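To keep things clear, I will list the structure first and then write my remarks on it.
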Amino acid sequence: MAALRALLLLLAVGAQAAIRFAKEPYSQDALHGRSAILRCEVEEPAHVEFEWLQNGLPIQDTEQRFKEGSNLQFAAVDRHRDAGSFQCVARNVQTGEEARTANASFNIKWMETGSVVLKQPASAAEIQPSSTVVLRCHIDGHPRPTWQWFRDGAPLPDGRGTYSVSSKERTLTLRGAGPDDNGLYYCSARPRAVGSVCSQDNFTLNIIDESFPQAVVVPEDLIVTKNEEAMFDCQFAAVPPPTQEWLFEDSPITNRSKTTVFANGSLLITQVKARSTGVYKCIGHGQKGKALVLKATLRLAEIEEMAPFSPKVLTANQGHRVSCACPRGVPTPQVWWERNQERVPTAGRVYQEAEQLVFTSITEADAGIYTCHAANKAGEKKQELSITVATVPKWVEMPKDSQLEESKPGYLHCLSKASLKPTVTWYRNGVSISEDSRFEISENGTLRINNVEVYDGTMYKCVSSTPAGSIEGYARVHVLEKLKFTPPPQPLQCMEFNKEVTVSCSATGREKPTIQWTKTDGSSLPSHVSHRAGILSFHKVSRSDSGNYTCIASNSPQGEIRATVQLVVAVYVTFKLEPEPTTVYQGHTAMFQCQAEGDPVPHIQWKGKDKILDPSKLLPRIQIMPNGSLVIYDVTTEDSGKYTCIAGNSCNIKHREAFLYVVDKPAAEEDEGPSSHTPYKMIQTIGLSVGAAVAYIIIVLGLMFYCKKRRKAKRLKKHPEGEEPEMECLNGGTLLQNGQTTAEIQEEVALTNLGSSSGASKRHSARDKMHFPRSNLQTITTLGRGEFGEVFLAKAKGAEDAEGEALVLVKSLQTRDEQLQLDFRREAEMFGKLNHVNVVRLLGLCREAEPHYMVLEYVDLGDLKQFLRISKSKDESLKPQPLSTKHKVSLCTQVALGMEHLSNGRFVHRDLAARNCLVSAQRQVKVSALSLSKDVYNSEYYHFRQAWIPLRWMPPEAVLEDEFSTKSDVWSFGVLMWEVFTQGEMPYAPLADDEVLAGLKSGKTKLPQPEGCPSRLTKLMQRCWAPSPKDRPSFSELAAALGDSPADSKA
């Protein structure tokens, strides 16, 4: 019984572990040289590995065919390599269970060009007049094409009785062929799906009839100098003998003073001028057949000036090649090199190869003047080239550790020699030193520090370099510190009477100095005064403590220094009467009282509306009284504002502020007489106004506190790590900018179903405008799966207000996750708001049924990643026009412009990469968001903290702290630039995902400089990867920098 239960348990486990395919590969059409994909998915992918077989054998990843996730991706289908059946094998690594899909294969459509060959007779020599000639076209393809024959560029018309065409045999049969059938024969094929091609090596039929004129001597093209004679030889043969004539510019040539036609058919031209040059025709006429025309060209010899050379500096002990551009000339000039009027040999350590001067290993003895000569019948030209050989510098005097005295000039020597004067650069703590008021670098490389300071005591490096290389030396500077006060004591200091006061004195030197205080007059310090470690302490200041005191700092090697301080005993300023806020009627008198006491007696000064009131420049109605009060007569509204009383003596200053409020006198009170200048009603009115203002402020602060607390609770619930939302994110979530929320309530209303009825109606009207009928979509193919669901290509009727069909990208929402649904709506809202040539447009939404669809703009070449990979392919039949540096800069500039528009709209992408940009055949790039993280580009995403993230494109703050911003998009843009210049390579390809994550945490992971990438653009990438987001450039700066970048600058 127990055995039976165990067996049933094993069967149950086996039933649960059964592998079931969700998607299987199916047979399909494919074009040779174009991309394709075979898909394979299981319902439960946990612990399942995938393997692909071709004809039963495992497939190894190559550049053209590789596994992407569980799918088999073909960058370029090959009709030979990819023939046969493919099968997907899914294997559970825990249970060992294995399942296989049915076989699938490609129906590969292709076209291969070929030549036209003679099938009958066996050789061209056997062709006789009136015989049968059969030609065969060697163009083939699948599906089988249709053929057409041509002679001398014209298609052979149907229905002629002199020839027949066989499509089955791909042949052209000429019956009774004669001289009239002579010509160049070729064929073309028109397949059903691939495009038309023409034959490459074609057949020329030339049947000879004795009555037709035949060329015996063919005139040859001639190049002569001016006033030289030219002779064209021409002779024909036929039975009976043919007649012959010469034409120049289609005019017959007769015997004249400068042209002679001889009996044997030759033409002589004497004293050739420019007007004599051109095409000459020798024409033979036979009894039968067409006239035979032979052409020859007469040209004058000429040679242009040579382009001058720039002096060259070549590195010693290395191989070098110097080219001499051949000047244009007729005939083509001969080029050679000379040195010291001797021709450079064609072999040896220094030799000439074609038009190049070659140094196998250049030495200093090879420096000098080399001359490039070019000559033909028209004459000779030459240009001189100065070559300097650069050697690596050698030390004359290396930098040495030095002791420099503070506040005096100091020198560090760096003397070297080389064949070229070395360039000397000094570094301080690894940072290059630029010449300024403190540092000077002399012509021999010596560094002068004009005024040595204590912090100059550090490590210095000198680099001496030439084009051949560099040497470097180090020196540590020890500063001999002078004996000095740090800081020097203030010469006049105040002490508050009857208080405990300390006066400090500190000094430094080569040795720690001893510090003492004495009275300057030599008398001893009072008993209530003590000093210790440079601090002079007065336990209770008395009047007698005023006087001069001297601080003495000394050490044994440097002696002593002194500083005298005058101490003044004073009573600090205090206010007896302070100005108070005052409210008066317009036209009345206002008075601010201000009295202060201290010793010395304080001086009172007033400041009105941030300006000092000078008694000598005041208006007559404004007076400062002897007791310090400020009186303003006949006040106006312009007198309203802040007034400050400033009281000070030689030891301290204090101030107090008060406001003057000027109000209009009520009309009813103006008739009550002088006794009503300060009525109770005015005080009551002011009190009510102030009370209302205070109540308003309290209510606002209370509401702000309540809202902030509510938002914080909501934020903590939504963001467990406490980050604050800020801007819209393309892929969901909200972001932080400067620690403050931005447009939080507005965006919440715009992107959810909450809000007032009027707001809801506006949103519904906008959404109705974006509605797109699901019935107008016709699915073409699935591109892959992302977080939201399946992404596919479709034909859309009436898209973009067009009558015809358009190719569109459709993203489906197939998830029940509320956060992902919100992210889907946010993405649609974002693309609906953006309108830029380098950003894809939202064309419509399908929401009348599930799943919801987002219909986006699509372009013909697909995503930028695949485009870059194909452009790097070694298969010449696949590769489009090669990508130059100019093209790569253009691609990056367009992405920067699109992202500039996106960031200006306060959006953040969060997944910017080449895979998420689209490119057209015209190489126009558009920022999109395919995000095929589930299959096609699964290897470019990493599962981290319950989410799939593009780890290799993200900055540390986004990965580790979940802080996304425009500056995190800038980091991703730098990686995208790296992808463009490596043509689709994976960032950090040698590293596993865990190693990349560890590198981001430590800050040590760096992407290498792409091969052939200009240094200026490499520095721009490095700016994008600055550790601190605030140090990264904006997209506007990036677009401007790329727009100004010289496309062909050297790396």
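Just so it is clear, glycine is given a Cβ too, placed from its N, Cα and C backbone atoms.
Values in this document were obtained by computation on a predicted structure and should not be read as measured data.
Swiss-Prot lists Cys40-Cys88, Cys137-Cys187, Cys234-Cys282, Cys326-Cys372, Cys414-Cys462, Cys505-Cys551, Cys594-Cys645 with the feature disulfide bond, giving sequence analysis as the kind of evidence. What Swiss-Prot lists as domain 'Ig-like C2-type 2' is 115-204. Among the features that Swiss-Prot reports, domain 'Ig-like C2-type 6' is placed at 487-566. Among the features that Swiss-Prot reports, domain 'Ig-like C2-type 7' is placed at 573-661. As annotated by Swiss-Prot, topological domain 'Extracellular' applies to 23-685, with the evidence given as sequence analysis. Annotated topological domain 'Cytoplasmic' per Swiss-Prot: 707-1051, in sequence order. According to Swiss-Prot, the transmembrane segment annotation covers 686-706, on the basis of sequence analysis.
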Taking DSSP H, G, I as helix and E, B as strand, the domain 'Ig-like C2-type 6' (487-566) contains 3 helix, 42 strand, 35 coil
By the DSSP assignment reduced to helix, strand and coil, which category contains Cys462 (disulfide bond)?
strand
Tally of residues which DSSP labels helix, strand or coil - the domain 'Ig-like C2-type 2' (115-204)
6 helix, 46 strand, 38 coil
What's the CA to CA span in angstrom from Cys414 (disulfide bond) over to Cys372 (disulfide bond)?
40
Reduced to three DSSP states, the domain 'Ig-like C2-type 7' (573-661) has 6 helix, 48 strand, 35 coil
Between Cys137 (disulfide bond) and Cys40 (disulfide bond), how many Å separate their Cα atoms?
42
Given the model, what does the mean pLDDT over the domain 'Ig-like C2-type 6' (487-566) come out as?
92
Quick one: of the disulfide-bonded residues Cys282, Cys462, Cys645, which has its CA closest to the CA of Cys551 (disulfide bond)?
Cys645
Disulfide-bonded residues Cys88, Cys372, Cys594 vs Cys505 (disulfide bond), shortest C-alpha separation belongs to Cys594
Around the Cβ of Cys40 (disulfide bond), other Cβ atoms found within 10 Å total 25
Might you list, by sequence position, any residue in that chain lying six or more from Cys234 (disulfide bond) with a Cβ less than 8 Å away from its Cβ?
Val217, Val218, Pro219, Gln244, Trp246, Gly265, Ser266, Leu267, Cys282, Leu294, Ala296
So of all those disulfide-bonded residues, Cys40, Cys88, Cys187, Cys326, Cys372, which one's Cα sits nearest to Cys645 (disulfide bond)?
Cys40
Here the disulfide-bonded residues are Cys40, Cys88, Cys326, Cys462, Cys594, and the Cα closest to that of Cys187 (disulfide bond) is found at Cys326
Same-chain residues six or more away whose CB lies under 8 A from the CB of Cys326 (disulfide bond)?
Thr332, Pro333, Val335, Glu355, Ala374
Compute the C-alpha separation of Cys462 (disulfide bond) from Cys40 (disulfide bond), stating it in Å without decimals.
62
Of all the disulfide-bonded residues given, namely Cys40, Cys88, Cys372, which is spatially nearest to Cys594 (disulfide bond) at the Cα level?
Cys40
